[in-house]
Amino acid sequence: MVSIAINGFGRIGRLVLRIALERKNIDVVAINDPFISVDYAAYMFKYDSTHGKYKGEVSHDGSNLIINGKKVAVFQEKDPATLPWGKLGVDIAVDSTGVFKELDSAQKHIDAGAKKVVITAPSKTAPMFVVGVNEDKYNGEKIVSNASCTTNCLAPIAKIINDEFGIEEGLMTTVHSITATQKTVDGPSHKDWRGGRTASGNIIPSSTGAAKAVGKVLPELQGKLTGMAFRVPTTDVSVVDLTVKLVKAATYDEIKAAVKKVSEGKLKDVVGYTEDAVVSSDFLGDTHSTIFDAAAGIQLSPKFVKLVAWYDNEYGYSTRVVDLVEHVA
């Protein structure tokens, strides 16, 4: 049994809790969020505009969240170093704040007594792992990153294509649902002026490090991929459009077959495959990291193709966070 604590009770933190409660070998002992009181934590966990009402009993006793009779301690500390992780016997702290994402800041959880930390964001300094791609390279590191939702969608597909046909170079676009950092109406966003525009009424070009990060989890693709994002007014589910120049000539049917084979093998929980006439909402709550849309891709020539893959950027990603927790435990 692995004891975990969740720091940051936002979109990812709450879904990680939902998913972890379903796993028999995980015991969630605590939640910390300086901005959320215990009664509000109960409300936010119970009601979700995107994924629906939680299907169990949720209440609180003033200091614990009570879910189906199970107590989870709730704290409101700004500094993770002050949390009682040692006393609570926390094996792994899941940091989903988006704030403590480097080795030095995530170390605060170790200082507080946690044995290991899983960061739910890309990191410049912590080793990044994408389940289904490079988790076998994990070598006991105390602090790891689960990379980003988009890297989790792109990397498995890039690996399949590179292993089978070779990728000379490629460009990725993610058409990405809105997230909490965006604005409901035009407002100040000093680092990213476009990002400060109304989320619900615009298609907003944005940067993403997701494609470059693939080179960190798959060194053979280092320097071969880069990408950008368009933020669009949907609440959840995003789609990766990967345009690649192949090393080896292939037919589109051969590419489809290669992905389908992987989706039916040991990576069936990570890679999905569909030939149906699907749209984004069809993937709400999908637990795969990536679902290859065989009917949407196109080919110009034997070495030049555009591939399309869907992902629930909240739920699929949060599922992988919990998988990585189990793996590093």
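Placement of Cβ uses the backbone N, Cα and C atoms for every residue, glycine included.
Secondary structure from DSSP puts Glu77 (NAD(+) binding site) in coil. If you look up Swiss-Prot, you'll see Arg11, Ile12, Asp33, Glu77, Asn313 marked as NAD(+) binding site, on the strength of similarity to another entry.
If you draw a 10 Å sphere around the CB of Cys149 (D-glyceraldehyde 3-phosphate binding site), it holds 29 other CB atoms from the protein chains shown. Per Swiss-Prot, the feature D-glyceraldehyde 3-phosphate binding site maps to Ser148, Cys149, Thr150, Thr179, Thr208, Gly209, Arg231.
Per Swiss-Prot, phosphoserine is recorded for Ser148 (among others), and the stated evidence type is similarity to another entry. In the three-state DSSP scheme, Ser148 (D-glyceraldehyde 3-phosphate binding site) falls into the coil class. The Cβ of Ser148 (D-glyceraldehyde 3-phosphate binding site) has 23 other Cβ atoms within 10 Å, all protein chains considered.
As annotated by Swiss-Prot, active site, nucleophile applies to Cys149, with the evidence given as similarity to another entry.
DSSP classifies His176 (site 'Activates thiol group during catalysis') as strand under the three-state reduction. What Swiss-Prot records for His176 is site 'Activates thiol group during catalysis'.
Annotation source Swiss-Prot lists phosphoserine at Ser177 (among others), citing similarity to another entry. Ser177 (phosphoserine) is surrounded by 23 other CB atoms, counting those within 10 A of its CB over all protein chains shown.
Taken from Swiss-Prot, the feature phosphoserine covers Ser200 (among others). Around Ser200 (phosphoserine), the same-chain residues six or more apart in sequence whose CB sits under 8 Å from its CB are Ile178, Thr184, Pro233, listed in sequence order. In this structure, Ser200 (phosphoserine) is part of a helix by DSSP.
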Which are the residues of the chain, Ser148, Cys149, Thr150, Thr179, Thr208, Gly209, Arg231 excluded, whose CB is within 8 A of where the CB atoms of the D-glyceraldehyde 3-phosphate site average out, their centroid? Thr174, His176, Ala210, Ala229, Ser238, Asn313
Number of Cβ atoms other than its own within 10 Å, given for Gly209 (D-glyceraldehyde 3-phosphate binding site): 17
Neighbour count (Cβ, 10 Å) for Asp33 (NAD(+) binding site): 24
Cα distance (Å, whole number) from Ser177 (phosphoserine) to Arg11 (NAD(+) binding site): 13
Which of the three DSSP-derived classes (helix, strand, coil) applies to Arg231 (D-glyceraldehyde 3-phosphate binding site)? strand
CA-CA, which of the binding-site residues Ile12, Thr150, Thr208, Asn313 lies nearest Ser177 (phosphoserine)? Asn313
